[in-house]
Amino acid sequence: AWVHGDPRKVIYPTDSYGQFCGQKDTANENKTILFYFNILKCASPVVLINLQCPTTQLCVSKCPDRFATYIDVQASYRYKPDQWNYFRQFCKPGFNNPRKSVAQVLRDEDCPSMIIPSRPFLKRCFPDFSTKNGVLTVANQTTFRDGRGKTRNVTDLREAANGINNVLDARSVGVKIFEDYAISWYWILIGLFIAMIESLLFLVLLRFTAGVLFWIFIFGVIGIIGYGIWHCYWEYDHLKGIPGSDLTVYDIGFQTDFRVYLQLRQTWLAFMILLCIVEVIIILMLIFLRNRIRIAIALLKEGSRAIGYIMSTLFYPIVTFILIAICISYWAVTAVFLATSGEPVYKVMANQTLCKYANLTCDPETFNTTNVTKLCPGAQCTFAFYGGESLYHKYIFIFQLANAFVFLWLVNFAIALGQCTLAGAFASYYWASRKPADIPLWPLFSSFGRAIRYHTGSLAFGALILAIVQLIRVILEYLDHKLKGTQNSFTRFLLCCLKCCFWCLEKFLKFINRNAYIMIAIYGKNFCTSAKEAFFLLMRNVVRVAVLDKVTDFLLFLGKILVAGGVGVLAFFFFTQRIPIFAQEAPMLNYYWVPLLTVIIGSYLVAHGFFSVYAMCVDTLFLCFCEDLERNDGSTAKPYFMSASLHRILGKKELSPKKA
């Protein structure tokens, strides 16, 4: 890709001769904008087929700023040479023969038949649209002459440049958004710093409030469902004796107005029964799983304590972010080089749909000597795209897939490296006999060194398996996109099933890989052995896994909402100047929601980065806890490594020495 690719094909627009506009050290160095000879032809269906406008395209230094036709300019070139000199800059380079007949000029496309006031957008000249009293105009005119004897309406230009006006309006909005960022960026950074502090405080407070928050939520849910049961009973009793309320849902059939069903006693009875079932299930789960819930909460508190001793782990996500950014950059640059590694391909562009040479490849140097121009008047040999017929060009799509696969592999490896590093640091905390005295010095850096030196192959193998599944999912999405509209019901069903199956497989592999990396960090065994041991260890504690997973998910989700919501509310009052103390400091913005949304989304990502470390800590401590229970029995010879709080929760029976 790097040998054959040329990113200039993306950066610069290309004229009809395959030359770049604005390229240094060429004749087009000062001609940075692409000009269409007849933009009206861009409304042709050929554009949709070939993705190329069937008219001559020329590099110019600036877009035209006035209406003019070649007929008028030719007729007056003797006594108005300035008009000819201005018009000539939009003709083919070197053309300076105003005495050539109009018919021949238009046939050979030496010059455009007309020019219209335009402005550059995406380095291309588009009509300078404006709206006056609700009427679309160009340079305050609603009509123009097309240089071929016809008077056209400006709406024809609008159809040719469909959607350009909306895009230009979007560009105006984009400029305002950029201005808002320019004057509020430091306040956004302050908001993100506050989010970081709030995330740290939440993780520290979890040591003391994890149990309280969870039980408040559980009893709150029980209370809300209890109120729902009472309300359903009240509605059921209130409708007693009202005419029509004793009808069944079957009697009234399907109704688009769902409020009709709320007038039936049967509806409220069904709601009440459903809520009673949910209430009973929750209460029974609390009764039978109360001990496991206490263990989960104790592990959450232990995770907060572990992070307090190894604070450097909170900033490791920055390393993962940098590695992933490098992977994305490598993939993007290689993809661009691959996409631009073709040779210029020229095709016959004909206005006549019956021309048999239309859309065939051609050679611009010999095109005028062929019979194509005679059989298809007005046909041109114009640049179409970059490609080729060599073996390399035929397999560029395969190379793009290979590039995507390498990208997925590298990204998964970077994530695996982070998980293994954090797992090693937190495992060193758990297996320390006396905490924190026996925790190794610089546990995070030591764990990172071990992962790089001893476990690179295992991490790469786990990332490889996951990358293969993800690549298959990408291919399935590509096939679904390509076959959309042409596939039958069975094909759609098959693709849907395959996509669902591979989505589930990816989730399962992520779960297995995550726990395999923890076992690798603890014991240093290879990937397959670690994955097998982690899987069977988790299966022997499957109920604990489920409880811990849900309790952790809830608390971390609550933390993310609190951080993002708290900082978002503060940012809203600040940017809308509703805080009297800082009213003078708040910047004047075009759209206050620009920095507000940035702060909210950024705060959520900051919280996610910190809490991902916490989730990895809890998962590591849980595996260590399960392994501790199986390896040790609490005796003097085999003491537990768990904390005192977990000792108390397990009780004397589980702590008694195991019988031989």
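Yeah, the Cβs are placed from backbone N, Cα and C, and that goes for glycine too.
Among residues of the same chain six or more beyond the transmembrane segment (185-205), those with a C-beta under 8 A of the stretch's C-beta atoms are 304, 307-308, 314, 559, 562-564, 566-567, 570-571, 574-575, 586-587, 595, 598-599, 602-603, 606-607, 610-611, 614. What TrEMBL lists as transmembrane segment is 185-205 (among others).
What TrEMBL records for 212-230 (among others) is transmembrane segment. Sequence-remote contacts of a segment are chain residues at least 6 beyond its ends whose Cβ falls under 8 Å from one of its Cβ atoms, and for the transmembrane segment (212-230) they are 271-272, 275-276, 278-279, 282-283, 286, 293, 297, 551, 554-555, 558.
The transmembrane segment annotation in TrEMBL covers 268-289 (among others).
Per TrEMBL, transmembrane segment is recorded for 309-333 (among others).
Residues or ranges marked as transmembrane segment by TrEMBL: 406-431 (among others).
TrEMBL lists 452-476 (among others) with the feature transmembrane segment.
As annotated by TrEMBL, transmembrane segment applies to 554-575 (among others).
Marked as transmembrane segment by TrEMBL: 596-616 (among others).
The stretches the transmembrane segment (309-333) and the transmembrane segment (452-476) do not meet in space: the count of Cβ pairs below 8 angstroms, excluding pairs fewer than 6 apart in sequence, stays at fewer than three. Distant neighbours of the transmembrane segment (596-616): 181, 188, 191-192, 194-196, 198-200, 202-203, 206, 303-304, 307, 313-314, 316-318, 321, 419, 422-423, 426, 514, 552, 556, 559-560, 563-564, 567-568, 571-572, 575; these residues of the same chain sit at least 6 beyond its ends, with a Cβ under 8 Å from one of its Cβ atoms. By the Cβ criterion (under 8 Å, sequence separation of 6 or more), the transmembrane segment (452-476) is in contact with the transmembrane segment (406-431), since 3+ such pairs are found.
If you look at the transmembrane segment (554-575), the same-chain residues 6 or more away from its ends with a CB under 8 A from one of its CBs are 184, 187, 191, 194-195, 198-199, 202-203, 206, 210, 213-214, 217, 300, 582, 586-587, 589, 592, 595-596, 599-601, 603-604, 606-608, 611, 614-615.
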